[in-house]
Amino acid sequence: MDSSAGPGNISDCSDPLAPASCSPAPGSWLNLSHVDGNQSDPCGPNRTGLGGSHSLCPQTGSPSMVTAITIMALYSIVCVVGLFGNFLVMYVIVRYTKMKTATNIYIFNLALADALATSTLPFQSVNYLMGTWPFGNILCKIVISIDYYNMFTSIFTLCTMSVDRYIAVCHPVKALDFRTPRNAKIVNVCNWILSSAIGLPVMFMATTKYRQGSIDCTLTFSHPTWYWENLLKICVFIFAFIMPVLIITVCYGLMILRLKSVRMLSGSKEKDRNLRRITRMVLVVVAVFIVCWTPIHIYVIIKALITIPETTFQTVSWHFCIALGYTNSCLNPVLYAFLDENFKRCFREFCIPTSSTIEQQNSARIRQNTREHPSTANTVDRTNHQLENLEAETAPLP
């Protein structure tokens, strides 16, 4: 690292690694990924949470109207679809008893992380348009930490789902004891605790800074800053991408071998069909996650190792990587709707309730009330019976 990367060195806006005095771009406060030395890179937004708080510096010093409209439209679509879809997934899992399986408990955790991530998009959009962070220091800390929490919790949950599928396919007897909703909830809590190992420090490191008339939401590092920034990026690359992807690859490799070598896993064709269907759904969700997140991780690690000159292609590539990462947060509900019959049926019942569905819900409520208040239920039954007798007695004779 040369002297230009020393403490206090700040590059100008012609450099994509320019400081936060440049006009912010979406995800700007989440960017540690473009480091030109000790100064946290303000001109490179980082959706992945690999970055601190700065923005990609447009060549003109401010975004063009077409760029701004395009980014705002994309973020708005992702935000609306992501929030609605993920909250619908969580509602379906909580609402329907049949959906409370171990796999769906993990899906609930994934939907929660994705919903939190998409909830930060309105703040990023305002930051992009205004060229400054107007929401104060507390929200700065919350938004940055949510970004890191989402990244780590999502990949840890997908890792857990892959291991869960491996146990279900390759060790079906052990799966009966291990794969329970209660254990799945405990594992979810553990995933959030593990994610706190990065989420909480980032929350304390996040702060707002005033630079040349604008406010930036950024991460602060001890000296030498360039060392700690690059160390953070490398650790995130290893623990939030390389290792989980290796674990997922091994699990699915073993599952594929098992599925090819054994014609029947459970002794029942119907159970086997469901097992393979769920395994396929989890595999697709994992594959989409890897496709959406690989570009940003590769981009960030390359940026940490070499200097990439500012070009139109570089700017477009960066925004494409960010958009791809955000898009993953709203894709999962769509995948569930197409790949899982139970989710598809529950989504349909929620959006277009039929008379039979309403009757089933009413019957379920009546049964629940009967269990919770047996004396009241008996009183209601007696009252209804008395009313029926009274109506029969007072009815006109034929």
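Sequential numbering from 1, following the chain as shown.
Cβ atoms are placed via backbone N, Cα and C, with glycine included.
Look at C351 (S-palmitoyl cysteine): DSSP puts it in a helix. What Swiss-Prot lists as S-palmitoyl cysteine is C351.
Summarising the annotation, Swiss-Prot assigns phosphothreonine to T370 (among others).
If you look up Swiss-Prot, you'll see T394 (among others) marked as phosphothreonine.
As annotated by Swiss-Prot, region 'Disordered' applies to 362-383.
For the topological domain 'Extracellular' (1-66), the model's average pLDDT works out to 39. Sequence annotations record features per position, and here Swiss-Prot assigns topological domain 'Extracellular' to 1-66 (among others).
Residues annotated as topological domain 'Cytoplasmic' in Swiss-Prot, with experimental evidence given as evidence: 92-104 (among others).
Annotation source Swiss-Prot lists topological domain 'Extracellular' at 130-140 (among others), citing experimental evidence.
Taken from Swiss-Prot, the feature topological domain 'Cytoplasmic' applies to 164-183 (among others), supported by experimental evidence. The DSSP breakdown of the topological domain 'Cytoplasmic' (164-183), given as helix, strand and coil counts, is 17 helix, 0 strand, 3 coil.
What Swiss-Prot records for 206-228 (among others) is topological domain 'Extracellular', and it gives experimental evidence as the kind of evidence. Taking DSSP states H, G and I as helix and E and B as strand, the topological domain 'Extracellular' (206-228) has 4 helix, 12 strand, 7 coil.
Feature annotation from Swiss-Prot assigns topological domain 'Cytoplasmic' to 254-277 (among others); the stated evidence is experimental evidence.
Per Swiss-Prot, topological domain 'Extracellular' is recorded for 305-312 (among others).
According to Swiss-Prot, the feature topological domain 'Cytoplasmic' maps to 337-398 (among others), an assignment based on experimental evidence.
Residues annotated as transmembrane segment in Swiss-Prot: 67-91 (among others).
Annotation source Swiss-Prot lists transmembrane segment at 105-129 (among others), citing experimental evidence. Beyond the ends of the transmembrane segment (105-129), by six or more residues, the same chain brings 24-30, 45, 55, 63, 68, 71-72, 75-76, 78-79, 82-83, 86-87, 89-90, 93-94, 135, 139, 143, 146-147, 149-150, 153-154, 157-158, 160-161, 164, 181, 184-185, 187-188, 191, 217, 285, 326, 328-330, 332-333, 336 to within a C-beta distance below 8 angstroms of the stretch.
Summarising the annotation, Swiss-Prot assigns transmembrane segment to 141-163 (among others).
Per Swiss-Prot, transmembrane segment is recorded for 184-205 (among others), and the stated evidence type is experimental evidence. Away from its own ends, the transmembrane segment (184-205) comes close to residues 49, 102-103, 105-106, 108-109, 141-142, 144-145, 148-149, 152-153, 156-157, 160, 164, 219-221, 236 of its chain (Cβ-Cβ under 8 Å, at least six residues beyond either end).
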* Structure fact -> If one takes Cβ-Cβ under 8 Å and requires six or more residues beyond its ends, the residues near the transmembrane segment (67-91) are 25-26, 58, 107-108, 111-112, 114-115, 117-119, 121-122, 124-125, 128-129, 319, 323, 326-327, 329-330, 332-334, 336, 343, 347, 350
